[in-house]
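**Student:** Sharing a structure, written as structure tokens. Questions coming.
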Amino acid sequence: MSGTSFFSSPPLYTTSTNTKYSHSPSPDRLKFLIDKSKNIRQLLQIHAFLIRNGLESDPVLSFRLQQSYSSLGHLQHSVTVFKRTHSPTVFSYTAIIHNHVINDLYEQAYVLYIQMLTQNIEPNAFTFSSMLKTCPLESGKALHCQALKLGYESDTYVRTALVDVYARGSDIVSARKLFDTMPERSLVSLTTMITGYAKNGHVQKARELFDGMEDRDVVCWNAMIDGYGQHGRPSETLVLFRQMLLSKVKPNEVTVVAALSACAQMGVLESGRWIHAYVKSNRIQVNKHVGTAFIDMYSKSGSLEDARMVFDQMRDKDVITWNSMIVGYAMHGFSLEALQLFNEMCKLGLQPTDITFIGILSACANAGLVSEGWTYFQLMEKYLIEPKIEHYGCMVNLLGRAGQLEKAYEFVKTMKIDSDPILWGTLLTACRIHGDVRLAEKIMEFLVEQDLATSGTYVLLSNIYAAAGDWDGVAKVRALMKRSGVDKEPGCSSIEVNNKVHEFLAGDMKHPKSKEIYIMLEEMNKWLEAHGYLPQTEIVLHNLGEVEKQQALAVHSERLAIAYGLISTQAGTTIKIVKNLRVCPDCHAVTKLISKITGRKIIVRDRNRFHHFIDGSCSCVRIVPSASDTTNLWKMQQLVEHCLLHIYAAKQHIFQCTRLQNMEETSVSRNQKVT
């Protein structure tokens with residue numbers, strides 16, 4: 001808009017040779033122009049007009065200017081207007097306090113609040129509700145006392161803000177007392193209490209309140225849906241999301257992000273794709289938050305191709321978006337792509353974060369790039385990023401996979417921060433891979449002394465003893481677990497078929513199709529035997545006979561899930577499995593053979609990473625390069641992997657074409673019969 005367009009057609013004032021302005025625009029017209037300003041240039045022009053005509057001190061116009069400057073992201077201009085106000089009122093103070101609060105400048109807002117009190121200006125209900133929005137619990141208690149003294153505690157807005165303050169401070173009992181004694185409950189106050197319960201882990205109490213509501217808006221649904229997702233209950237998240245759609249409440253971007261996060265947790269690709277289709281058909285805006293959630297969901301659900309497609313289609317990408325794609329490549333074992341993406345991101349001038357380096361160090365660990373891993377670890381200092389436990393864990397994994405166990409052990413002992421059981425578990429896993437019983441015992445002794453031992457670390461040590469045939473050691477570990485009250489987490493594998501998730505435990509007989517599953521298991525065992533498969537019975541943790549050990553391995557949860565996938569999906573389609581623990585070495589070998597025998601791609605997401613089984617090979621099997629020829633061997637590994645993926649893609653294309661051709665032939669045949 002041009003500089004004169006504000007004051008033309010019809011003119012706001014007319015000029016003469018005797019007076020500068022014979023008619024000024026009315027206050028209402030000026031208020032309208034201030035409120036409708038779409039950019040800072042327009043607002044500055046109006047502000048200049050007010051100054052020239054001595055209208056800057058008008059309290060209403062000054063108030064409107066403050067609000068408009070703040071809404072356009074120019075808080076400093078808003079502060080300048082406030083400072084030039086001769087006799088600020090409670091409304092002026094409340095406006096400038098609110099503007100600071102919404103910009104996360106609580107300390108400055110608190111200073112302004114104290115300044116207001118020193119000028120004997122009494123706060124009103126809106127002042128209190130603004131101040132309470134983001135204040136910490138102790139400050140909130142002081143404000144609560146003052147609101148009570150001035151008679152504002154029973155105001156619906158103030159009381160709702162107080163409920164929020166106590167809930168955010170984890171004093172959920174006080175929050176509920178304030179909520180229960182509210183003279184009148186609004187939809188906002190109910191949603192605030194539900195959010196407070198959900199964020200503090202009281203999901204069931206949140207649900208009870210939610211179910212008792214007559215009217216719910218999208219914000220209320222989001223609070224409950226996100227509450228389930230934040231506390232490890234993704235299946236309830238998706239069930240509630242579907243109920244929301246049935247209730248005719250249209251989801252927004254926040255809802256979609258929560259639902260996609262639940263899909264990512266469960267690894268349910270079909271459900272994620274359905275949500276993607278829903279977003280497209282209902283024209284929900286795919287902003288950078290939604291786009292990043294899609295990338296995360298597709299990556300964690302086994303479809304790296306879809307994740308990259310979403311990434312490439314996004315115009316507005318921030319560092320979080322880049323991180324999601326880098327971490328996605330790393331967890332799938334596509335290390336070259338992860339490092340290339342990191343270089344592209346840096347060239348664009350984006351600053352890497354701690355999450356970026358977790359992805360990069362994981363990529364190095366998966367590819368066995370020890371020297372490169374050290375280089376990236378030291379590069380963090382350049383970006384002023386202090387290594388966290390996750391970065392140290394990646395380095396321990398890198399060194400452990402490369403067989404440098406003593407170096408990894410010393411690395412952990414000399415860390416700047418305290419270690420945790422997950423870190424030691426990573427090192428124990430390396431000890432199991434390389435059969436280092438001595439170091440494993442040394443680590444376990446330290447963990448027991450420091451009370452850091454968990455079910456996972458006990459099981460790893462037990463695995464190491466079992467692999468070495470030391471059954472006395474296995475018995476000793478089991479006795480330790482019993483004394484410590486530690487239970488082994490049962491292995492569980494799941495597979496999604498037709499938008500329904502099927503879960504299996506080892507030896508599970510509860511599935512409705514158990515008979516068919518075990519018939520397929522027998523068939524699989526025949527295939528494996530014909531291809532020279534030898535069970536790795538040394539990993540069985542019980543001192544059983546050889547036949548009993550083989551029987552125990554044959555009914556592991558991942559095998560049951562694969563068997564169900566084979567009988568429930570069309571030939572040639574990909575089978576995707578999610579496991580809560582690491583895939584055992586024997587099941588890993590079996591899955592490679594099954595992928596070769598059936599011509600199927602099998603994707604397994606375990607606790608640590610993704611495994612892409614294609615034609616008898618797995619993406620996690622890496623050449624550990626020597627220092628002299630790191631780059632060439634690594635690139636060769638990546639090239640082989642890409643070739644396997646292209647071969648699989650070609651097979652899939654042929655399968656789809658054949659299927660379509662058969663469908664066309666069937667249709668023609670039916671038409672001929674009808675004729």
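Note: Cβ is positioned from N, Cα and C throughout, glycine not excepted.
Pulled these from TrEMBL:
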type   : residues : note
DOMAIN : 532-621  : domain 'DYW'
REPEAT : 186-216  : repeat 'PPR'
REPEAT : 217-251  : repeat 'PPR'
REPEAT : 318-352  : repeat 'PPR'
**Student:** What parts of the chain pack near the repeat 'PPR' (318-352), using Cβ distances under 8 Å and only residues at least 6 beyond its ends?
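**Tutor:** Contacts with the repeat 'PPR' (318-352): 288, 291-292, 295-296, 298-300, 304, 307-308, 311, 358-360, 362-364, 366-367, 369, 372, 383, 385, 609-612, 619-620, 622, 634-635, 638, 641.
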**Student:** How many helix, strand and coil residues does the domain 'DYW' (532-621) contain under DSSP?
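**Tutor:** For the domain 'DYW' (532-621), the helix, strand and coil counts are 38 helix, 16 strand, 36 coil.
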**Student:** Pull the DSSP breakdown for the repeat 'PPR' (318-352) and write it out as helix, strand, coil residue counts.
**Tutor:** 26 helix, 0 strand, 9 coil
**Student:** Compute the average pLDDT of the predicted model within the domain 'DYW' (532-621).
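**Tutor:** The answer is 88, the mean pLDDT of the model over that range.
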